[in-house]
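> Right, I'll just put the structure down here and ask away after.
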Amino acid sequence: MRENYTRCELGVEHFVHSGIVSALWILLIATIVTSSVVGNGLVIVSVWRERRLHCTQNVLYVNLAVSDFLTGLLVVPSMGVYMLHNCLLLGVAAYRVYIVGFGVFMSASYLTICGISLERFLVVRFPFMSRKCETRPYKTTFIVTSWVVPLITWVLIMTCCQVDSLEGVYVVRMPVAVSYTVTSLIQYGPLCAMLTLYVALLQTLKGNYRKESRTLQRNIAHEPSSYSAGGMFPHTDLKKRFSVRRHLRAARLLGALIVAFVACWLPWSLVWPIYTSRQASIPHVAVKITLTLSYLNSAINPFLYAFMSNDFRKAVHRLFRCACLTNSQKNFVSSQKKTSRKSMSKVKYHPNEN
């Protein structure tokens, strides 16, 4: 009797514990979906409405926002179902589609951040040669490539690889060589490229800043009257200083994106090849945690745009202000219509007796 009571008590504790964990997972997934869809949607609409942001430099940021938006809208809800039930409701075919979508959006984000890093480096290091990279045909070609190449790659991977069901959990199985080759080409290669380009960008900006500082000090020594107290800097010096500051602001935003991207995606990049090649026994909970952390990047990026870029922050503020003004105008018009209808009814049913 005591044994049955203890077993029942443990069963209730396990049920409560699993219910709490499931509720926390649902809350976390809902937060990621909401932040990814709403935040990146605001970024896309703000750039579309704000003419000041209609420049080729922001095209790649919009492409990254589109990738994060689709991740939160299509892939993360499927991941929530997979985490709660350890399988997708539609079977192996749905799991293959889910992995393809996951891989395409991940690879598009990798390539887009690499493209932003390369563009920033060329603009700072080779300003005249970088004009070719800032043209609309070049950006269009890069964006199409960043989506088509990952789509073809992941469709081939999921067509050739086997999907096993281990204790009700779907797992993609690859040979060790294939797993590490795919991971190196899709994840480690772009990751090393973006870090290398960003370090080179920082070194170039540091050298340019020192050069401009030495030039300014030399000009002050040769022409002290032009830089006297209360005077104005020459136009060329002001233009160069503003250019350096603009590049520094863009480098800070790019650095924040890279740090968040590496922090969110690196754990999954380390776990995934080991998990698919069966080299070691990795708990399924660890896979869930690293996968959730990787999708958290899509929810973080909109806040980085808002906090690190004044242009994006002002554009979102104008969007909200425009929406509030539109609602207030609609309410005012509707109230005016109601007032006019009431006055017309009084005139109709209470005519003048004289």
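Even glycines carry a Cβ here, placed using N, Cα and C.
Worth saying up front: this structure is predicted, and the values here are computed from it rather than measured.
Taken from TrEMBL, the feature transmembrane segment covers 20-48, 60-85, 97-118, 138-157, 177-201, 250-275, 287-308. Taken from TrEMBL, the feature domain 'G-protein coupled receptors family 1 profile' applies to 39-305. Annotation source TrEMBL lists region 'Disordered' at 335-354. What TrEMBL records for 338-354 is compositional bias 'Basic residues'.
I'd like to know what surrounds each of these features in this structure.
Here the transmembrane segment (97-118) has long-range neighbours at 60-61, 63-64, 67-68, 70-71, 74-75, 78-79, 82, 88, 133, 142, 145-147, 149-151, 153-155, 157-158, 172, 186-187, 190-191, 193-194, 197-198, 201, 254, 257-258, 261, 265, 294, 297, meaning same-chain residues at least 6 beyond its ends whose C-beta is under 8 angstroms from one of its own.
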> Could you pull out which residues elsewhere in the chain have a CB under 8 Å from any CB of the transmembrane segment (287-308), counting only those six or more residues past its ends?
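Beyond its ends, the transmembrane segment (287-308) has Cβ neighbours at 28-29, 31-32, 35-36, 39-40, 42-43, 61, 64-65, 67-69, 71-72, 75-76, 79, 83, 106, 109, 249, 252-253, 256-257, 260-261, 264-265, 267-268, 271, 275, 316.
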